[in-house]
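Undergrad: The structure that follows is given in the form of structure tokens.
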Amino acid sequence: MAMTGVLRPGHVQIRVLDLEESVHFYGDVMGLVETGRDSDGRVYFKCWDERDHHSLVLRESDQAGIDFFGFKVLDNTSLEQLEVRLKEHGVDTTRMPAGDLLETGERVRFDLPSGHVMELYAEKTAVGNGLPSMNPSPWNQASENGIAPVRLDHMLLYGPNIAENKKIFEDILDFFLVERVLSEGGDAEVALWLSCSHKVHDIAFVEHPEPGKLHHISFLMDSWEKVLRAGDIMSMNQVAVDIGPTRHGITRGCTIYAWDPSGNRFETFMGGYHPYPDYETITWTWDSFPQGLDYPQRKLHETFLTVVT
Ligand SMILES: [Fe+2]
């Protein structure tokens, strides 16, 4: 696949209640690599195998949740073209200045109909993964510290008007719909899994009355064994676990959901399949949603539908 335009989720800024407790959690328990702190007090992390400066930004606040998320685009020409297309479709954009996020170029920011703040950007300093680009070993010590996910993989966001979000992602940003869940009556889409790549999802939305909510940030693990090891580390550190280890029917991802110390849900996951844009969208009916969520247990976990930040 020749990837152009929007490449991948590049960063997410979340609010945490106690910064140093959260720095300990994401650094020592999750095993992310701290890469910087800025004059606003924000702390920056990356997963060990990510090349760019950061993928997770923590901001201390009295309320948990998500401030914004950003997708990296191929280059500045792509950024300008996508900004024009957004404006042509009636989406207001603003430019965030280079350096507002550490080591990051200008970002094109806009509001989604679901109440989330999204950004596109082309430039972020490549700091590498600690391995040489010539004759690298497959892993290093950073891949063994804590849970140590490979990368930020996707987010699931809750909010209203996801049908309008879908238009922006499909018609402007060139994502495709990989899977969906229909309402009880079958006449509306209540959950959407969208991809801009070969991944089973780069972002997902669930219809929900409150705008701008975070359901989870997902981190990719190398293997099912690494997901189980993540579960061991969660238990060793008294991390509050929501669901799993189990497998989703939807996306076929193998997963554990848990909460960070502020109550922001995160996922450690692996697996899924590799869709192409010409694949037919997979549809789940409402009565099969319990299997879609937890395939072995066929259980519609109450927390999945109700607990968001
Ligand atoms: Fe997920």
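Note that Cβ sites are derived from N, Cα and C of the backbone, with glycine treated the same way.
The domain 'VOC' feature in TrEMBL is assigned to 8-123, 151-271.
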Undergrad: Summarise the model's confidence over the domain 'VOC' (8-123) as a mean pLDDT value.
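TA: In the predicted model, the domain 'VOC' (8-123) has a mean pLDDT of 98.
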Undergrad: Do you know the DSSP helix, strand and coil residue counts for the domain 'VOC' (8-123)?
TA: 24 helix, 47 strand, 45 coil
Undergrad: DSSP-wise, what's the residue breakdown of the domain 'VOC' (151-271) into helix, strand and coil?
TA: 27 helix, 58 strand, 36 coil
